[in-house]
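In what follows, a structure is listed as structure tokens, so that the remarks can point back to it.
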Amino acid sequence: MGGFNTSFEEGFILVGFSDWPQLELIFFVFISIFYSLTLFGNTTIIVLSQLDPRLHTPMYFFLCHLSFLDLCYTTSTVPQLLINLSGLDRTISYGRCVAQLFIVLALGGTECVLLVVMAFDRYAAVCRPLYYTTIMHPLLCLSLAIAAWVGGLMNSLIQTSLMMAMPLCGLHYLNHFFCEMLVLQKLACEFLGTEAKMFVARVIIIVIPAALILGSYAHIAQAVLRIKSMAGRRKAFGTCGSHLLVVCLFYGSAMYTYLQPLGNYSESEGKFVALFYTIITPMLNPLIYTLRNKDVKGALWKLVGRGRDLG
């Protein structure tokens with residue numbers, strides 16, 4: 001067998017949830033609703049952050065990037081899943097599979113780095129409040145955002161290149177609803193040390209950012225506990241709590257999926273976990289930030305009020 005780029009030129013068949021035919025219609029309805037909510041919620045966050053001057057701050061600058069990432073991430077997988085669930089087409093060409101793998105890895109890696117950047121922003125706001133505007137200069141914010149995107153792209157380039165170098169054997173069936181890296185790895189005839197390299201790459205892009213976030217929140221917790229005013233503590237916990245909840249949802253599912261040995265990875269179980277980090281988490285992020293944040297709620301009601309006045 002040749003490498004990935006020659007073995008499966010005919011493409012793949014995405015099994016999706018066809019092994020649970022009784023659930024496909026239910027999945028189609030609910031995933032369609034969740035996808036619509038994801039598009040609406042994240043687009044609303046982006047629009048509000050651009051229109052309301054009160055949200056022209058580093059925190060909402062990075063939140064805009066997170067919302068854009070979530071829009072791209074769900075759109076890279078969910079439309080394909082809906083077509084799969086409808087039974088119209090379960091195939092994916094080799095080129096589209098590689099492109100999807102690259103995009104998913106790039107967006108996932110970018111979010112890993114971006115969440116670290118957002119944790120640093122919260123650290124500066126809580127632990128260095130007097131110097132916050134000086135530290136989080138617009139030029140630094142832009143540089144950090146660019147670094148997050150470049151980091152994600154580099155991660156994807158490395159892992160996709162390693163994946164494409166692996167010779168694949170077996171049937172052209174992928175027991176998943178998109179070209180998931182671990183499922184493709186299970187088709188490999190031989191690894192030649194590639195599996196270890198890819199695991200190290202996953203550790204670097206997941207574990208190191210998670211450790212940095214935990215470190216920043218340890219310092220934030222110490223600073224909050226030193227605040228004597230209960231109102232001040234509540235405000236600090238309010239601004240940091242939303243981000244910490246998003247971090248737990250994202251990194252929890254990422255670590256469970258990508259840091260287990262390949263031999264322990266269950267494709268059937270992996271599909272349901274993937275639903276969580278490709279659909280549920282991107283849908284919940286806008287709700288988490290909106291429900292727990294007075295600035296966003298204020299901007300939303302202001303926009304709604306403006307719409308009524310125009311009406």
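Each Cβ is built from the backbone N, Cα and C atoms, and glycine gets one as well.
Residues or ranges marked as domain 'G-protein coupled receptors family 1 profile' by TrEMBL: 41-289.
The feature transmembrane segment is assigned by TrEMBL to 25-48 (among others).
According to TrEMBL, the transmembrane segment annotation covers 60-78 (among others).
Per TrEMBL, the feature transmembrane segment maps to 98-118 (among others).
The transmembrane segment annotation in TrEMBL covers 130-154 (among others).
If you look up TrEMBL, you'll see 199-225 (among others) marked as transmembrane segment. Counting residues 6+ beyond its ends, the transmembrane segment (199-225) has Cβ neighbours under 8 Å at 109, 112-113, 115-116, 119-120, 122-123, 126-127, 151, 155, 158-159, 162, 233, 236-237, 240, 244, 247, 251, 254-255, 258-259 in the same chain.
Under the heading transmembrane segment, TrEMBL lists 237-259 (among others).
Look at TrEMBL and you will find 271-291 (among others) tagged as transmembrane segment. Beyond the ends of the transmembrane segment (271-291), by six or more residues, the same chain brings 16-17, 31, 34-35, 37-38, 41-42, 44-45, 63, 66-67, 70-71, 73-74, 77-78, 175-178, 180, 242, 245-246, 249-250, 253-254, 256-257, 297, 300 to within a C-beta distance below 8 angstroms of the stretch.
Long-range neighbours of the transmembrane segment (237-259) within the same chain, counting only residues 6 or more positions beyond its ends whose Cβ lies under 8 Å from a Cβ of the stretch, are 59, 66, 108, 111-112, 115, 118-119, 122, 125-126, 182, 202-203, 206-207, 210, 213, 217, 220, 224, 265, 270, 273-274, 276-277, 281, 284-285, 288-289, 292-294.
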